[in-house]
Amino acid sequence: MANVVVVGAQWGDEGKGKIVDWLSEQADIVVRFQGGHNAGHTLVIDGVTYKLALLPSGVVRGGKLSVIGNGVVVDPWHLIDEIERIKAQGVDVSPSSLRIADNATLILPLHRELDHFRETANAGLKIGTTKRGIGPAYEDKVGRRAIRVVDLADPDALPAKIERVLTHHNALRRGLGIDEVNAEALLSELKAIAPKILPFADTVWSLLDEERRAGKRILFEGAQGALLDVDHGTYPFVTSSNIVAAQAATGSGLGPGAIGYVLGIAKAYTTRVGEGPFPTELFDEIGETIGSRGREFGVNTGRKRRCGWFDAVLVRQTVRTSGIHGIALTKLDILDGFEEIRVCTGYMLDGQPVDHLPASQAAQARIEPVYEVIPGWSETTAGARSWADLPAQAIKYVRRIEELIGAPVALLSTSPERDDTILMHNPFED
């Protein structure tokens, strides 16, 4: 029996929500291990739509333990709002079903303000952040001045911790021409939110270790995509955390031996939100058609996603950096009806072939994709639940992707409906 890590194999928005929901039925515990509330996802269960950003997907299924690990940065005000919202939809969320790592870093209002100011300022590089304070909170974590969940339990020690945070932030704000943060006001806000958050706090690494030893199945739910990883993504157009599968261990407190099967999620084409390189981006009617059919707008932000052909070079790269065992290929039905489909199989850089995306930002801007043209199919794949339901050419497309990325397709999704899934290999049965 394997524990399973789910990671996005592109730039996020690959359809992880549906796959995680499908897998969570077989899991006992669902763990978020990185990021914050910057990456939303939608679940449709028994006709009811749930929109989550910070809460693990398991929270909407009864009998599951949901865990927010130490690798996540937690906006406590957003978390309570999200809990109340899904409670209003009839979902039971209590300390018996949700635990939060006591050593998780908190996102403070000053982090959101700084994020917004940086991104909207005329000077400097625009990264395309969601302006929710994720990056500044991680900066404080690495700078060893963060306020963590556990600190809320010691109100007498909070003033000194706030002073340490504000020594840095108020100096920065003065330099940026922003009003300084009032220490008493921040202390009051934290004291007010503490009793709502602390009942969920736990020593998560110990809890997960005990459950693992008891034979419980653990599903590690990644957010965003590996191409946004702060180390292995298209830097600096990345998020502020590690996203690759190894982070599941670091961000939950379990050793790497607890990770079993790594399932990467990839669309049958490619999308990206925000700034940054995108070698296969389409600026024509085909790109518009893909975006319209695929409803390519952000769950949290409503931002329009950039669309392009499937980039086998990039997915092959994430297969390697995340140690992906198998891929869940989603949105195959969006490609129905195209006479021909292109797949990027390599790059040219200054007239020379390259088999990966270089780390240099300047080199990334000069990359030219090399395409293989594959005949399309006129029949529909929407709603297919077996190989027999698929057009022959669609099967050839999937098989060619497997060859190019160096990993098998374990699951194939043919619509947003959770049952419209073709299973080749169950990750939990490794």
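Just so it is clear, glycine is given a Cβ too, placed from its N, Cα and C backbone atoms.
In the three-state DSSP scheme, LYS18 (GTP binding site) is classed as helix. Contacts of LYS18 (GTP binding site) defined by a Cβ separation under 8 A and a same-chain sequence distance of 6+ are given as LEU43, VAL44, THR330, SER413, PRO416, ARG418, THR421, in order along the sequence. Under the heading GTP binding site, Swiss-Prot lists 12-18, 40-42, ARG305, 331-333, 413-415.
With a cut-off of 8 Å between CB atoms and residues at least 6 apart in sequence, the same chain places ILE265, LYS267, ALA328, THR330, LYS331, SER413 near GLY15 (GTP binding site), listed in sequence order. Summarising the annotation, Swiss-Prot assigns IMP binding site to ASP13, GLU14, GLY15, LYS16, ASN38, ALA39, GLY40, HIS41, THR130, ARG144, GLN224, THR239, ARG303 and lists sequence analysis as the type of evidence.
Note on ASP13 (IMP binding site): other Cβ atoms within 10 Å of its Cβ, all shown chains, come to 25. Annotation source Swiss-Prot lists Mg(2+) binding site at ASP13, GLY40, citing sequence analysis.
Secondary structure at ASP13 (IMP binding site), as computed by DSSP, is coil. The active site, proton acceptor annotation in Swiss-Prot covers ASP13 and is backed by sequence analysis.
Around the Cβ of HIS41 (active site, proton donor), a 10 Å sphere holds 22 further Cβ atoms from the protein chains shown. Feature annotation from Swiss-Prot assigns active site, proton donor to HIS41; the stated evidence is sequence analysis.
Annotation source Swiss-Prot lists substrate binding site at VAL299, ASN300, THR301, GLY302, ARG303, LYS304, ARG305. LYS304 (substrate binding site) carries a strand DSSP state (E or B).
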Using Cα positions only, nearest of the binding-site residues to GLY40 (IMP binding site) (GLY12, LYS304, LEU332, THR414): GLY12
Rounded distance in angstrom between the Cα atoms of ARG305 (substrate binding site) and ASP13 (IMP binding site): 9
Distance from ASP13 (IMP binding site) back to LYS304 (substrate binding site), taken between C-alpha atoms, in Å: 12
Cβ neighbours within the same chain of GLY302 (substrate binding site) - under 8 Å, at least six residues apart: none
C-alpha spacing of GLN224 (IMP binding site) relative to THR42 (GTP binding site), in angstrom: 13
